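Student: One structure, as structure tokens, below. Some questions next.
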Amino acid sequence: MTHAAIEGSPAAVAGPAPAASRSADRCTNLFGLDREQLRARFSEMGEAPYRAHQVMQWIYRRGKASFDEMSNLSRTLRSRLAAQFEIRTPELVTEQVSADGTRKWVLRLDGGNAIETVYIPEEGRATLCISSQVGCAMDCSFCATAQQGFNRNLTTAEIIAQVWFAARTLGGDFQNERVISNIVFMGMGEPLANYGAVLPAIRILLDDFGFGLSKRRVTVSTSGLVPFIDRLREDVDTALAVSLHAPNDALRDELVPINRKYPIAELLDACRRYTAGKDRKTHIVYEYVMLDGVNDQPEHARQLAKLLGGMSAKVNLIPFNPFPQTRYRRSKPEAIQAFAKILRDKHILTTTRKTRGDDIDAACGQLVGRVQSRQKNRLGGIPVVVR
Ligand SMILES: C[S@@+](CC[C@H](N)C(=O)[O-])C[C@H]1O[C@@H](n2cnc3c(N)ncnc32)[C@H](O)[C@@H]1O
Ligand code: SF4
């Protein structure tokens, strides 16, 4: 086992290459291959690359997971594909449906781990919240996932399988119905700490699923891994949400320990680079969990307004979602309103997140899945990714 510190090159935390990219694998899970990778595999097999596109259409536009059903491919090709590839659909452990229609699925992974995926239908949109890691090593003090520790990165295939599973379970036609209009990497884990698997997953979401997701409808939420914010902009430039949660370094060091590595000034510089040259309406959403008596005072709101003044920013206040053994409490509604008013008076676009699915522990930060043999590790107080 080696320990890769967050220090240094992005590759240090990108984790191992997803299984899907190791072309020597005998049975590659097709959920893990983006268009270019699949075309390359078809070329290696001596098959016309356009066939790769046909296969992807069966999987991501028609929701099929069996080669037998791919009727525009010859019998010979279908059996060659079955010998080299698999389409491994996830195994459902439990499904819970909230009074507000939110659905939470616990999906089993190899090795006894399980992750959680949440579907949130709302007026005019339907958001799927997906996981990127089993647990999380970032150790934010107010997050239930952090309490689980970190086990491993998800592969691209495991990320994509969540979306495919949700679309199939919701019973929609992948092509014609907007069963899923938005995807947010806000489930278990820090997506930018698993960049090597998350990037191809984003490409598959944008290029191949039939929902017609634009990059504005895919949101990567991060606790602030600065080098990867820059990489994301260069590579796919999706919508970005930043978990800020505090207006000064002293408090953020305590709530979001990665701040000790990438303090607020560095983080906001990366955010400025992310929005540079874009339409002013392209905001970064700054998430701010409202913790009673901790970060919810008028002084905090004034500091936050000063910090974000002049930036393409929208603040999303998230009422804290409690979990067993937490030391925090949710801010009082009056405190949240007063906080929002201070920001709005300073012309900062501010919304308060409606808590969804909390009766089934499916709200932000409540996802725990099942994390086997936790390997959370710390180096000088900075969480490290273990691989
Ligand atoms: C679980 S995280 C996953 C994405 C990424 N790791 C991040 O921190 O942005 C998604 C969002 O939930 C927030 N969150 C975590 N724990 C929470 C809690 N107990 N109550 C409300 N929001 C929480 C995070 O701060 C973040 O904004
Ligand atoms: S808030 Fe995000 S980064 Fe922090 S521990 Fe939870 S999942 Fe990880």
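Glycine is no exception: its Cβ is also placed from the backbone N, Cα and C atoms.
All annotation found in TrEMBL is predicted automatically rather than curated by experts.
As listed in TrEMBL for this protein:
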- E116: active site, proton acceptor (ACT_SITE)
- C364: active site, S-methylcysteine intermediate (ACT_SITE)
- C136, C140, C143: [4Fe-4S] cluster binding site (BINDING)
- G189, E190, S221, S243, L244, H245, N321: S-adenosyl-L-methionine binding site (BINDING)
- 122-359: domain 'Radical SAM core' (DOMAIN)
- 1-22: region 'Disordered' (REGION)
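Are these features on the surface or tucked inside, and what touches them?
Tutor: Of all Cβ atoms in the shown protein chains, 25 besides its own fall within 10 Å of the Cβ of E116 (active site, proton acceptor).
The Cβ of S221 (S-adenosyl-L-methionine binding site) lies under 8 Å from the Cβ of V184, F185, M186, P191, L240, A241, V242, S243, E287, each of which sits 6+ residues away along the same chain.
As a whole-number mean, the pLDDT of the domain 'Radical SAM core' (122-359) in this prediction is 94.
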Student: Checking the contact step here: among the recorded positions E116, C136, C140, C143, which have a Cα within 10 Å of the Cα of E190 (S-adenosyl-L-methionine binding site)?
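Tutor: Checking each Cα against E190 (S-adenosyl-L-methionine binding site), the hits are C136.
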Student: If you count other Cβ atoms within 10 Å of each one's Cβ, which of the binding-site residues C143, L244 has the most?
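Tutor: Highest number of other Cβ atoms within 10 Å: L244.
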Student: So if I take the binding-site residues (C136, E190, S221, H245) and measure from each Cβ to the nearest atom of ligand 2, which come out below 6 Å?
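Tutor: Listed by sequence, the hits are C136, E190.
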Student: Give the subset of the recorded positions E116, S221, L244 lying near ligand 1, defined as CB under 6 A from any of its atoms.
Tutor: S221
Student: List the recorded positions among E116, L244, H245 whose C-alpha is within 10 Å of the C-alpha of C143 ([4Fe-4S] cluster binding site), in sequence order, or say none.
Tutor: none
Student: Starting from the Cβ of S243 (S-adenosyl-L-methionine binding site), draw a 10 Å sphere and report how many other Cβ atoms land inside it.
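Tutor: Summing over all protein chains shown, S243 (S-adenosyl-L-methionine binding site) has 27 other Cβ atoms within 10 Å.
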Student: Express the distance between the Cα positions of G189 (S-adenosyl-L-methionine binding site) and C136 ([4Fe-4S] cluster binding site) as a whole number of Å.
Tutor: 5
